[in-house]
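Notes follow the structure.
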């Protein structure tokens, strides 16, 4: 039998069966190791901030401004101006952000990769990115795709006569798709299995359907009901961190420009980029309708031009919204849209490609919602009557949209960073006094250890302060000491009564030190909370026979209540923290999967997660002083007992109820009860990869390594939000 023409590799034409195929519910640790240095083509030590700061931003903007009206034959510009197209590109890059877990957003240039590059709502944006490639090519590593996409949106607005609020660089590109983001359970584009009950949207999702950035512009599931659309809009934009005023400003501001595309039936449109043929070179949605571009373009299927000034900032969106009575119609592609009743407004908007030809203004169901909903209507009418207020609101909302996932202002780069400090940035005052030195830190540790507070209390408080950090949107963390403020001080997971006691003692020590210090030296409570936690770790390590100093870098500030948005901060409350063996309620997602999610948000690797679990259990950080997972008779001593006893084959484990949430471990020989455990505890002996890690730390020769690795992982969490210092 001839083998001619056969692929020599088994993974050629067919994909082999994977572990995920065999065990679809298997715990996925890969999300803890994504975006590794092996995937990054930049040189070791490449400093993007340094590269960006060497950039001539004015020159980049000049090149982008010239590009706006340099229409290309391969993808001509509507109205001779790419500005509206680029606004949509930037909007859709940033608009995937959701507050529930801080994931999505413009921060890593993920629009370049699947699935976002092939979402139905992103149809055509493959061309937008190709149009700005010459600019990216010219400036290379000095500006990331993530920054360039947002900057291009800003320049587009400015080139159309709008004054933006500012721009900050600092978004570093990733080089592979995010694997940690849950976009929904649906397996079909535009499906909406994410709803339950009375249209209750699944957490943490924000978009209404798979493959949409926010809402269906035709109305819920294509039903052209403006009031129902308003309900979806309010829910979705709230989950994008926008209030009603910001929502109206963004929709009306964005729809001041450009048009949608629905020249023909969607059956003419070819596959999305990820499914397109090789020769299309990463471009998708190739259309067989006419020329497939310009006036023949098919995108959403809607054919809408909102204003008479589609390439110029104006108040015409509201003029049209309130100036006409609207009736339902359909686009050439059959999509629901709206036009003025009785033929009003005919010839009031320009055609995008035929000079002198005029059209009737049109609106989306999601636009009419701004008039139908009473609250949105009041805001819209106020903006209509006060165009300067509208412009200011849109400028601020656009800046928030495109910068929401960047974290604190210390990460902002470039000459156009606004000087104004905004509440949604979670501002923290920068210390303006001399910092404590090593001698001071040693003295403070001694005071803390003599205060009567236990190791468990010290470590628990520091963890509560630091573990709010989310690597997704760079929010939370120990800096600011917001653990002492609402809402964090009242979260069940933080054990409010114990927390108040610890903070009272630490607050008194802070006052005592600051009064006695000379030369203006001060210690912030944020720093002291971490110092106290470090002291607890060091004492516990010493009790286990290992002398070690936990690294500490001063410089944290203390945020005030006025600098803290309680509602915005509330989204950081964990529904689960496996590191403290805590579940806020009963969930369909197993506790061990919630642990992996928490570890990923903390930017921890699987070994770091493992060693932290083992250490925190024996240090006594469980919420409510639960005994689950405390596999030691030497509590508050930093031993590897958790792993040694977890791996002991002399223990037999059984669930304590049909819920399979809690377990008891009994001596195989005597039946005597030895330990209690949660799902989070037992997964470190059950899951093959986690067991392999546990075996490292449960070995006879691992005690010192265990302590060293715990201290390293602990310090990483304590410093996770310290963007003011260089991380190794």
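Note that Cβ sites are derived from N, Cα and C of the backbone, with glycine treated the same way.
Marked as active site, proton acceptor by Swiss-Prot on the basis of sequence analysis: 92. Per Swiss-Prot, heme b binding site is recorded for 255, and the stated evidence type is sequence analysis. Positions annotated as region 'Disordered' by Swiss-Prot: 1-20, 335-355. The site 'Transition state stabilizer' annotation in Swiss-Prot covers 88 and rests on sequence analysis.
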Counting only residues at least 6 beyond its ends, the same-chain positions whose CB falls under 8 A of a CB in the region 'Disordered' (335-355) are 76, 78-79, 218-219, 222, 224, 259, 262, 294-295, 300-308, 310, 320, 323-329, 361-365, 367-368
CB neighbours within 10 A of the residue listed as 'heme b binding site', counting all protein chains shown, number 26
Rounded to a whole number of Å, the separation of the Cα atoms of the residue listed as 'active site, proton acceptor' and the residue listed as 'heme b binding site' comes to 14
In DSSP terms, the region 'Disordered' (335-355) comprises 3 helix, 7 strand, 11 coil
The correct three-state DSSP answer for residue 88 (site 'Transition state stabilizer') is helix
All chains considered, the count of other Cβ atoms within 10 Å of the Cβ of residue 88 (site 'Transition state stabilizer') is 24
